[in-house]
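Here's the structure we're looking at; comments come further down.
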């Protein structure tokens, strides 16, 4: 063994200087017949360090950089000393050796990291940046050892430090330095006799020692395939999970004498290996769940999906004292999701799945009556179907929700289990929705989410930390917490409800969506809508990126008051109001452009007779030079008036004050009620009726 031992001899915080540490190791090497020389320069003096090796041995073949200080500090307090030693020091030593290695056409470089460098740890952002900040091209590898040392003895129990021998790390270094080893750019965790390779996931690795037996590089070499085998790889996400396997290795070595694969990885593999048996799972019922609520939960949900008091139409969903106070129809997903959130799927025979790999794929909701604003609901869930998609499995979960014995709503959750496919099941379901029509949307609504939209929506019961915890989101591969898919679902549904059903929840029948991409809180949602009879096809995008987030989607509506607007009687049926609207039409032809400038609004009228809808009229004083037509507006009117034919005539003849008609309930107004004053002025000024 020919070695240059460099150690500045500083303490764990980088202070002081001593030759004792390097001298001790040199003595041990020489005592075993090896050649060694000590060097006490800082790694910042890389040229001096390399020159000592050249002067002593004549060449540089391998060097192993292990710079270590433990200095807990938050990012804002990053120590310049740590960066000088870890980052700059590693670079300077490498640069000093580079040309010598290049000229002799051989070099091996081993860098050192730690679990904190790999997974991140509070106070060690500086350490992480230093250890993972450089890549070198001459077979440069990095190891993250767990071993007893001057560094670890300050933070680990003495008995654990004693068990974590450097001898259980060195053989890996020796193999990585060998000219037969072609590993390059690798990252390895090593300790307690276990070695695992990382590529932002971790192989199961292999134990290459036995109790009371020496560990040698030949054993590392012989098990190299297993150490680097990423079949059934695990994905540790924090230091605790990383160290758990090392501690478990020590325990099993002491108790069993011989250890096989990484026990933590093996356990994780056992839970993640999917065992899906559709014949056993389909038809299985989950434990029923109950949901108690009052107006508070209804209002909180409405706020969570973007409703606001700045829109007068929204007040009926936000104020319990409103005469038409209602629960948003899509609130129907909330009482039913307990079957998903409470882990009920884990109790189903035939569904041995890894629940960390479960994604929400599609959602269908159908209402059988408007939702109550308070009470207790009971949900019963059944596995409806299991599909084999090859790359994963799709589980269809049917949930029926009851108020007492009365069925209120039905949900179908479609969940995708990554990596659980290949069990030989059917691939498709008969419930695939049709794409939207191939034409420009009939209506488009753009609505901004807030920075706190996910934080607000989660209060309705979806507590997944993916939507609030930045570190948890990072584990899922997201830069920041994402918005709940069911929150975007609620936004899109209420856009349809307002645009095509005048915010009347009794018109809502069903909604189906497919979740495509995530939305970040603060982005704007753009809902595109196509009306085909009573079905509104929808597609939802992020306006800022044009990325589709909800697709294959539609909302089904009930016809207004038992009749579709297209099928309302077009004949007046002897309505007195026919003459009035004919006169308004003539005035618009004469003065339409002037009226549009003054009013800038669309008014819709619903005329009833004997309690039934008899006619609809649209006064458009917003577009072009104005217009009047019989029937509904193909967009969304700014104000909608509903009144009987008799009361309408009383108002226009001045026999019934419009305000009194409104407060007595004879005249109902939806939308921007203040615009009705403009219409009143126009009628008085231009059409004495």
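Using N, Cα and C of the backbone, Cβ positions are placed for all residues, glycine too.
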The annotated transmembrane segment range in TrEMBL, which must be one of 62-82, 83-103, 104-124: 62-82
Secondary structure tally of the domain 'Peroxisomal multifunctional enzyme type 2-like N-terminal' (291-419) (DSSP, helix then strand then coil): 36 helix, 54 strand, 39 coil
Residues of the domain 'SCP2' (584-684) by DSSP state, where helix covers H, G and I: 40 helix, 34 strand, 27 coil
Secondary structure content, the domain 'MaoC-like' (436-549) (per DSSP, counts of residues): 37 helix, 34 strand, 43 coil
